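Engineer: For reference, the structure I am asking about is given below.
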Amino acid sequence: MSFSIKQSALTMDVSNSVVHRRSPSIRSSFSPSLNLQNNNKRALISVSKPLHVSSISSIESCFHKERKPVIHCKAYEADKSPSAAEAKSETAQRVKIGIYFATWWALNVVFNIYNKKVLNVYPFPWLTSTLSLACGSLMMLVSWATRIAEPPKIDLDFWKVLFPVAVAHTIGHVAATVSMSKVAVSFTHIIKSGEPAFSVIVSRFLLGESFPPAVYLSLLPIIGGCGLAALTELNFNMTGFMGAMISNLAFVFRNIFSKKGMKGTSVSGMNYYACLSMLSLLILTPFAIAVEGPHLWAAGWKEAVSLVGPQFIWWVAAQSIFYHLYNQVSYMSLDQISPLTFSIGNTMKRISVIVSSIIIFHTPVQPINALGAAIAILGTFLYSQAKA
């Protein structure tokens with residue numbers, strides 16, 4: 001109960017003689033002004049702010065200590081009520097999530113732009129993928145050494161559990177980069193929007209999980225939209241198409257291994273991705289050297305610098321830095337939001353990447369191709385709703 005008293009003070013006279021146990025038939029009542037007479041005992045209560053009264057205590061307990069209080073009385077200021085604090089906390093959380101999403105999408109768009117610029121003049125996706133992981137690993141090592149970020153407390157068992165996750169992450173990362181080196185960024189992301197279909201198939205036939213009919217129905221627009229976009233793609237390339245498909249499958253296994261192995265760990269999302277990048281770098285480096293090799297890298301680097309100029313170095317640095325940052329923010333957001341919200345955010349991220357890449361690289365798009373992309377993305381959104 002909240003009330004205000006206009007007078008500057010409230011005077012209460014208390015008499016031991018008039019305080020007695022009331023009959024159970026009389027209900028307790030409370031008045032802002034009480035005046036119980038006594039010879040010379042007074043209690044002065046000064047009220048300068050509105051009060052919240054949560055409950056009322058029996059006055060007699062103040063004078064008869066052997067008697068147990070019937071009702072407990074507490075009061076606090078109205079402007080500090082729990083409901084107001086909860087509302088402020090909820091608003092702050094929504095703003096925080098909005099900042100995470102906006103940062104995640106912006107960083108991802110910037111990465112895809114610079115990554116495609118690099119691959120257009122320097123078609124070595126294995127080295128490009130390795131540099132992205134190396135840059136992120138170096139950034140986190142410096143952050144831990146300078147205490148900008150708190151280093152995680154991990155042991156050998158953590159790395160053992162992380163290893164299959166890192167293998168799947170490495171394959172998915174390289175496959176996606178190979179795809180973008182062969183086809184348009186927009187086409188790669190249209191095909192990658194079909195990842196939910198791989199998730200359901202793997203979970204159903206390898207893990208034995210079952211899903212409601214709505215989930216299976218949501219796969220129809222995903223598969224149909226991806227197929228329509230692939231058939232009508234003007235610059236279709238089988239290597240690029242297969243790279244995106246392999247990336248989808250690898251990231252599905254990465255998510256499965258991550259869910260099974262990381263339960264109960266106290267590592268934050270930022271540090272978890274940092275460890276994942278470091279382990280993936282160790283796995284990828286020997287394969288990158290075997291597939292492409294330093295001789296091809298050196299010859300291609302000279303050609304790219306002569307073609308683009310010194311800014312090519314900035315392109316390589318930017319794509320490496322922004323790759324780590326956008327992944328780091330996405331893993332940090334997982335600590336704050338539900339998987340459903342994250343899935344919806346990932347769908348919106350693909351839309352922003354597809355639209356921005358079409359505009360920046362002037363990618364020719366036929367209406368039927370755009371329709372296929374829209375259907376696939378809509379199916380992804382419906383899948384996230386049905387899965388919830």
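Every residue gets a Cβ built from N, Cα and C, even glycine.
This is the feature table in TrEMBL:
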- 96-384: domain 'Sugar phosphate transporter' (DOMAIN)
- 97-114: transmembrane segment (TRANSMEM)
- 126-146: transmembrane segment (TRANSMEM)
- 158-178: transmembrane segment (TRANSMEM)
- 214-232: transmembrane segment (TRANSMEM)
- 269-291: transmembrane segment (TRANSMEM)
- 311-327: transmembrane segment (TRANSMEM)
- 367-384: transmembrane segment (TRANSMEM)
Engineer: What stretch, picked from 97-114, 126-146, 214-232, 367-384, has the most CB pairs under 8 A with the transmembrane segment (311-327)?
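Structural biologist: Stretch with maximum Cβ contacts: 126-146.
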Engineer: For the transmembrane segment (126-146), which stretch among 97-114, 214-232, 269-291, 367-384 has the most Cβ pairs under 8 A?
Structural biologist: 269-291
